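So that you can see what the record holds, here are the features copied from Swiss-Prot:
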TOPO_DOM  1-119  topological domain 'Cytoplasmic'
REGION    1-34  region 'Disordered'
COMPBIAS  9-23  compositional bias 'Basic and acidic residues'
REGION    77-97  region 'Disordered'
BINDING   His118  cholesterol binding site
TRANSMEM  120-141  transmembrane segment
TRANSMEM  162-187  transmembrane segment
TOPO_DOM  188-199  topological domain 'Cytoplasmic'
TRANSMEM  200-223  transmembrane segment
TRANSMEM  232-255  transmembrane segment
TOPO_DOM  256-296  topological domain 'Cytoplasmic'
MOD_RES   Cys280  cysteine sulfenic acid (-SOH)
TRANSMEM  297-329  transmembrane segment
TRANSMEM  347-372  transmembrane segment
TOPO_DOM  373-420  topological domain 'Cytoplasmic'
MOTIF     380-386  motif 'FYXDWWN motif'
BINDING   Asn392, Arg395, Asn398, His402, Tyr410, Ser433  acyl-CoA binding site
TRANSMEM  421-445  transmembrane segment
TRANSMEM  452-467  transmembrane segment
TOPO_DOM  468-473  topological domain 'Cytoplasmic'
TRANSMEM  474-505  transmembrane segment
Amino acid sequence: MQPKVPQLRRREGLGEEQEKGARGGEGNARTHGTPDLVQWTRHMEAVKTQFLEQAQRELAELLDRALWEAMQAYPKQDRPLPSAAPDSTSKTQELHPGKRKVFITRKSLIDELMEVQHFRTIYHMFIAGLCVLIISTLAIDFIDEGRLMLEFDLLLFSFGQLPLALMTWVPMFLSTLLVPYQTLWLWARPRAGGAWMLGASLGCVLLAAHAVVLCVLPVHVSVRHELPPASRCVLVFEQVRLLMKSYSFLRETVPGIFCVRGGKGISPPSFSSYLYFLFCPTLIYRETYPRTPSIRWNYVAKNFAQVLGCLLYACFILGRLCVPVFANMSREPFSTRALLLSILHATGPGIFMLLLIFFAFLHCWLNAFAEMLRFGDRMFYRDWWNSTSFSNYYRTWNVVVHDWLYSYVYQDGLWLLGRRARGVAMLGVFLVSAVVHEYIFCFVLGFFYPVMLMLFLVFGGLLNFTMNDRHTGPAWNILMWTFLFMGQGIQVSLYCQEWYARRHCPLPQTTFWGMVTPRSWSCHP
C-alpha cells in the first residue's frame, strides 16, 4: 500500500495541474475573446424562454380579443331579448347574421417592411428621384432664365382659396356631429304614445336636412367660387367620408334599437365614442376599438412630413412631365398617333401619381391620425402590389373603403336578394364604387368626362371576373401591373387634354350639355 500513496498524490497533483491548465486556458480564451459555450447556451435558453413567454402572452391577448369580438357578432337567434334596456347599442345585433369587421392591434405593412434594409433602400431611391427632379428644375431655370429659384405656382394654384374650403367644412362636420346622434337618441326613447312618432318623424327630417347640407353645400361653394382642384379635393373627400361615417353609425346602431320588444327604450352609445369614430381612420363604427398605450409624436411628425414631400413630388412630376406635353396639345390637329403617343408618355407619370397617392394618403395620412388617436388597427391596405388578379387588387388596395363596401353594399345586398345573388351583389359594389369615383373626379376637375367610370365599371368589372383568384404566378402579376400602367396613362392623358381644352376653348355661355360634352374632341383653335 505504501508505493500507492506517492502515485495517488502524483495523480492528485496532475489533476490540480490540469485544473490550473484548464483555468489558464479559460483565461486565455477569455483574453482572446472566445465566447464561453456554456454561458452562451444558458443565455440563449433564457432568451428563448423569455421570447416564448412574450409570444404566448400576446397570442393569448389576441385570441381573447378575437373571442370577445366573435361573441359580440354572434347572432342571438335562440336567446330571448333582455327585458331590461342594455347599457349600449354595441351589444345589439344586426337584423341578419354575417361576417363583421374585427379590429385588432397591428401595424401597417409598410412599417413592417421598413424594418428590412432592402425595402428601405427602395424608399431611399424614391427620395433620390425627388432630389433629381429638384436639381433638374433648378438647372433648367438657371440655363433658361439665369436664376436659381424653385417656383411652386402649380402647388399654390391647386390650394387656392383653401380657407374658404375649410370654412365650408365646419358646417358639414357640425351637421355630421349633431344630427345622426340626435336622431338616434330620438329613436331610442320608449315607444309609447304619439310622442315617439313625433320624435321619429323629427329625426327623419333632421337626417334629410343633414343629407342636403353634405350633398349641396360643398357643390354650391365649389361652383360659385370656382375653387381650384386641391381645395375641391378637400371638400369632396370630407363630403364622402362624413356621409359614409354617418351611414355606418346609423346602420350599426339602429337595428338594435328597433329589435327591442315591448316598446322599451334603449341607451344609445356614448357621445364620446361617436366623436372618436368621426376622427379615427375607419369607416366601420364600433363603440370601442383596440388602442395603443402611447402616442409617438415623432412618428406623427414624420408621416405629415412625408405627406408634404409627396405633394411636392406630385407637383414636380406634373410640372416637368405633364404640363409641357399637354398644355399645347389641344392647339394641334387631332391625330390617332398623337393620342397614342400621349397615352404612352403618360404611363410613367400616371403610375408615379398612383404610388404617391397610395403612400401619402393610405399610409402616411391615416397612420398619422391613427397614432394621434392611439388607434390600434393599422391595416389600411394589404400587399396589393403582389396581386395576381384584379379581384384581389380591389380587395387589398384600400381596405378602409373595401370594408365599408363589403359590409353595407355586398352583405346587405346578399341579405336582400338572397345568397345566390352573389354576382348581382358584386356588380352593385362595382357600380357604387365607380359612380363615387367618377363623381370625385367630376367634382375636383369641374367637368364631366367619364373616363374613370368606363375604366372602373367596364374594364375593371370585366377584369375582376376574368382575372380572378384562381390565376397565380408571376406572369399574372406582370399582367396586372401592365394593365395598371396603361389605365393610369389613359386617365392622365385624357383628363389633361380635357382640362387644357376647356381653358383654350371656353363656351360663350355655360349650359348643361356644354358641361357634360367632352371639349377635347372638338377644340382645335
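Note: Cβ is positioned from N, Cα and C throughout, glycine not excepted.
These figures come from a predicted structure and were not determined experimentally.
Overlay of Swiss-Prot feature records on the structure.
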| residue | record | Cβ contacts under 8 Å, 6 or more apart |
| --- | --- | --- |
| His118 | cholesterol binding site | none |
| Cys280 | cysteine sulfenic acid (-SOH) | Tyr289, Phe369, Ala370, Leu373, Phe375 |
| Asn392 | acyl-CoA binding site | Trp384, Asp469 |
| Arg395 | acyl-CoA binding site | Arg382, His402 |
| Asn398 | acyl-CoA binding site | Leu362, Phe380, Tyr381 |
| Tyr410 | acyl-CoA binding site | Ala425, Met426, Gly428, Val429 |
| Ser433 | acyl-CoA binding site | Val401, Leu405, Phe456 |
From the centroid of the CB atoms of Asn392, Arg395, Asn398, His402, Tyr410, Ser433, the recorded acyl-CoA site, which same-chain residues not already listed sit within 8 A by their CB, in sequence order? Tyr394, Thr396, Trp397, Val399, Val401, Leu405, Tyr406, Val429
Need one number for the acyl-CoA-binding residues Asn392, Arg395, Asn398, His402, Tyr410, Ser433: the maximum pairwise CA distance in Å, whole number please. 16
Starting from the Cβ of His402 (acyl-CoA binding site), draw a 10 Å sphere and report how many other Cβ atoms land inside it. 19
Pop the mean pLDDT for the topological domain 'Cytoplasmic' (373-420) in here, whole number is fine. 89
Sequence-remote contacts (6 or more beyond its ends) of the transmembrane segment (297-329), Cβ cut-off under 8 Å? 126-127, 129-130, 133-134, 136-137, 152, 154-155, 158, 338, 342, 345-346, 348-349, 352-353, 356-357, 359-361, 363-365, 367-368, 371-372, 492-493, 496-497, 499-500
Whether the transmembrane segment (452-467) meets the transmembrane segment (347-372): three or more C-beta pairs under 8 angstroms: no
For Arg395 (acyl-CoA binding site), which of the three DSSP-derived states applies: helix, strand, or coil? helix
What parts of the chain pack near the topological domain 'Cytoplasmic' (468-473), using Cβ distances under 8 Å and only residues at least 6 beyond its ends? 388-389, 391-392
Within the topological domain 'Cytoplasmic' (468-473), how many residues are helix, strand or coil going by DSSP? 0 helix, 0 strand, 6 coil
